[in-house]
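Annotated features in TrEMBL:
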| type | residues | note |
| --- | --- | --- |
| DOMAIN | 16-122 | domain 'NADH:quinone oxidoreductase/Mrp antiporter transmembrane' |
| SIGNAL | 1-25 | signal peptide |
| TRANSMEM | 35-55 | transmembrane segment |
| TRANSMEM | 75-93 | transmembrane segment |
| TRANSMEM | 113-131 | transmembrane segment |
Amino acid sequence: MAGPAVVAWLVLLSAGTLLVTPAQANSEVTAAALYYLLQSTLAGAAFFLLAGLIAEQRGKAADQFVAGPPLRATWLKIAFLLVATTAAALPPFSGFVGKLMLLTSTRDVEAATAIWVVVLVSGFIVMAALARDGCYLIWKHKTAARSLPGAPVGWQRATATALLIAAGPLLAIAAHPLSNYAARTAAQLHAPGVYVAGVLGAGAITTGHEERP
């Protein structure tokens with residue numbers, strides 16, 4: 001399985017994790033899912049861009065699980081470690097915060113045991129897959145191989161990738177205000193009457209029609 005394919009499976013896993021939300025009519029779960037949705041979307045986008053850059057740097061080896069030449073852009077190694085840590089939900093980045101919020105919000109639901117087992121086991125699988133990816137795509141080189149003489153990574157793509165990767169630690173730093181915002185949003189989703197009253201007027205809740213001045 002190639003690098004981008006692993007990233008695609010990670011996106012699918014994140015989408016499956018979010019299915020916890022409709023299964024639980026709970027505003028706390030919804031708030032956790034909103035934060036998890038934001039961080040997993042940015043991490044997935046960063047990983048897809050990074051996978052493309054690494055494949056280009058490896059020449060003919062591309063994204064296959066074979067030893068290739070060393071990467072010319074060595075910063076890609078650090079970038080891979082950062083985004084892999086976020087995707088694997090390891091502390092101190094936003095992936096860990098999102099998973100922790102989901103697990104905490106589901107601790108009292110009926111299917112808590114099943115949810116915890118699935119989320120934690122899938123996390124270990126992700127760590128194993130990303131560790132294998134890192135070994136083959138970045139650190140395992142051909143004997144006496146030299147760095148590719150190809151063109152360096154363009155600043156536009158490097159900047160876009162770096163900004164997306166930076167979202168991991170930034171979302172963790174801003175976890176408190178973001179979680180508060182997500183909690184308020186979830187509360188409105190589960191009790192839309194307050195929002196309807198604020199927009200259409202208090203009478204709209206009982207009559208079902210817009211109040212006229």
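Yeah, the Cβs are placed from backbone N, Cα and C, and that goes for glycine too.
TrEMBL entries are annotated by machine, without manual review.
Beyond the ends of the transmembrane segment (113-131), by six or more residues, the same chain brings 6, 9-10, 13, 17, 20, 84, 87-90, 99, 102-103, 106 to within a C-beta distance below 8 angstroms of the stretch.
Using DSSP to sort the residues of the domain 'NADH:quinone oxidoreductase/Mrp antiporter transmembrane' (16-122) gives these counts of helix, strand and coil: 77 helix, 1 strand, 29 coil.
Distant neighbours of the transmembrane segment (35-55): 3-4, 7, 10-11, 14, 17-18, 62-63, 71, 73, 76, 79-80, 83, 86-87, 94-95, 97-99, 101-102, 137-138, 153, 157-158, 160-161, 164-165, 167-168, 171, 175, 178-179, 182; these residues of the same chain sit at least 6 beyond its ends, with a Cβ under 8 Å from one of its Cβ atoms.
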